[in-house]
Each structure stands twice: as C-alpha cells, then as structure tokens.
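Okay, so here's the structure we're looking at.
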Amino acid sequence: MWFNPRMSKNFRVVALIGKYQSPEVAEAVLRIAEFLRVRGLDVWIEQGTASSIGMAGQFAVASYEEIGAQADLAVVLGGDGTMLNTARRLSQHGVPLVGINQGRLGFLTDISRDEALPKLGEILEGRYTEESRAMLDAEVLRAGHRVFQTLALNDVVINKGDLGRMIEFDLSIDGEFVYTQRSDGMILATPTGSTAYALSANGPILHPNVGGIALVPLCPHALTARPVTLPDTSHIEIVLLPQHDARIHFDGQARFDARAGDRLRVTRSPDVVRLLHPQGYSYFAMLREKLHWSATPRRP
C-alpha cells in the first residue's frame, strides 16, 4: 500500500477506544491498530478496551488519563454511547476524536466500518473537517453542599423515581423563577443531544453551531408547557419539591438519585469536544440519512 512519509505529522500518538465486550469491535481495533502501526505511528489501546477484547501485550496500553495527557488523536469504535463516554473523559484535555460506527444510528460516530481505513488515511493526511461540540456542566446540591458533579455531551434528564408518579419542581433561569411544573420530568439538551432523547419528546433540532440549550418537558400536566431554547450562557436551576423523589441521568450513563429539596444546576461547560470528520461531511446529509428525510413512502 502506498504511504506518504509526510502524512500523520500532526498525529504521532493515536489511541484506540472500543466498545467493551464486542467481538466485532475487537476485530476492527486490531485491523486499525495494524493500519496505524504500518504508518509508523505510536498506537495505544485504552486499558479497558485492551482487557475487554484480549489485546493486552500486543500494543501499548494506556489509561484515559494517559491518553488525555499525551495522545494526539483518539479513534473511537462503537456506537454513540461509546463516544459519549469517551467525550466526557477526554474533553478537558482537548484530544480530537474520530468516530467509527460499530453501533446503530451513529450520529456521532459517522464513519462506517467499511470505510474506516480509507477515511482514517485521509484524516491522517490532514484532509478533514474539525468541529467543536458544547457540553453541559451539571451539579446537584443538597442542603447547600455539592453532592454530585459531572459533564454531559448529550443531555441531562430529570425524571420520576421509583414510585413512577409525576414529579413537581421549580425552574429558575439566571436566578429568575420561571414556573412550577408537574410532569414526568425535563430534558436539558445540548445541540448535540437535540437529536437524541429530546427529539423523541418533540424537542427542536439545534444545529451544532447554535449556542443554545433546549429545555424539553416530558409529558407535562399542563399542555401549554412547551420546549424552550435558551442561550447557552444561561444558568439553569431545578429544585425538586417535597414529597417527590427523582432520578437524574447524564448522557444516559451516569445517574443520581435525587431527594426533595435537591437543586440541579446546569450551565455550559468551558470544555468542548473536538470532533474530526472526513472531508465532505455534511450535518444535514447526516440528518437526512439517520432520520430518513425525503424518504418516499412505499406500499407493502
């Protein structure tokens, strides 16, 4: 295979991060690792990935902290869930991410497994488009003390707890009371998360370049409670009212069990996720494909 020795000059250390316990990902990780090694790159396998797919000893193994500190590029193999987890762990380090789709929809992992090697080759040669995705910084306060904090790339969701009944909460924005809502919960979504859970709850699609946070009620008791898009400079606070418990989910991966009186505070994080796409990537083409826009109804 032809190789340009000037390629990859900006990517010397490449980390591979794969979905755990997936035979298909194991094969893809090995194939891509060999592809990168032939090009003279230092290949690191994230330690959980290496352990899960049995590659320890074949390549250098590194923790997320080591990848964040020293890797020039991280290639994520899996679905959007794997990318969300990786993004939260590496965003503070500024490591650019490339997504190889081994899952289903793949809004974030936009390179198909069949095109992985040629598309990676293009990116290593510098032929790519880079974009930054906003994240949310969320914290929970109890009796004035912070008891939980994390980041989210997609969304923060507060919803009903074990009893399965509606919850009631106060919503304030920038210190101003907005309303008291009774509902199954609320989704706070980034532009990236606007095509996830928020979309299925009739929320708006926000272009990634829009500086906004979507508030999408879940089955509100008042039918006039509609989705609202706020500037991403907003400070959002939700206070869970008495006699209600709730669960708060972050990107559908981390969870916190909230009690009455707990305060959920959400702002835009100063950290961003750097995504690299092959040349020719189009956000609207991606939506058209994933959401089946322009599809012609067919008779059975």
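Every residue, even glycine, has its Cβ placed from backbone N, Cα and C.
Keep in mind it's a predicted model, so treat the numbers as computed, not measured.
If you look up Swiss-Prot, you'll see Asp80 marked as active site, proton acceptor, on the strength of sequence analysis. Annotation comment: Swiss-Prot describes Asp80, Gly81, Asn154, Asp155, Arg165, Arg182, Asp184, Thr195, Ala196, Tyr197, Ala198, Leu199, Ser200, Gln253 as NAD(+) binding site.
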*Asp80 (active site, proton acceptor): tally of other CB atoms within 10 A of its CB*: 25
*Just report the maximum Cα pair distance in Å for the recorded NAD(+) binders Asp80, Gly81, Asn154, Asp155, Arg165, Arg182, Asp184, Thr195, Ala196, Tyr197, Ala198, Leu199, Ser200, Gln253, no decimals.*
31
*In angstrom units, rounded to an integer, how far apart are the Cα atoms of Ser200 (NAD(+) binding site) and Asp80 (active site, proton acceptor)?*
16
_Which one is it: of the binding-site residues Asn154, Ser200, which Cβ has the fewest other Cβ atoms within 10 Å in this structure?_
Ser200
*Are there residues of the same chain, six or more positions away from Arg165 (NAD(+) binding site), whose CB falls under 8 angstroms from its CB, and which are they?*
none
*asked:* For Ala198 (NAD(+) binding site), which of the three DSSP-derived states applies: helix, strand, or coil?
replied: helix
_Asn154 (NAD(+) binding site) versus Asp80 (active site, proton acceptor) - Cα distance in angstrom_ = 10
*asked:* So if I draw a 10 Å sphere around the Cβ of Asp184 (NAD(+) binding site), how many other Cβ atoms end up inside it?
replied: 18
*Those residues of the chain, 6+ apart, with a Cβ under 8 Å from that of Ala196 (NAD(+) binding site)*: Asp80, Phe107, Asn154, Asp155, Ala189
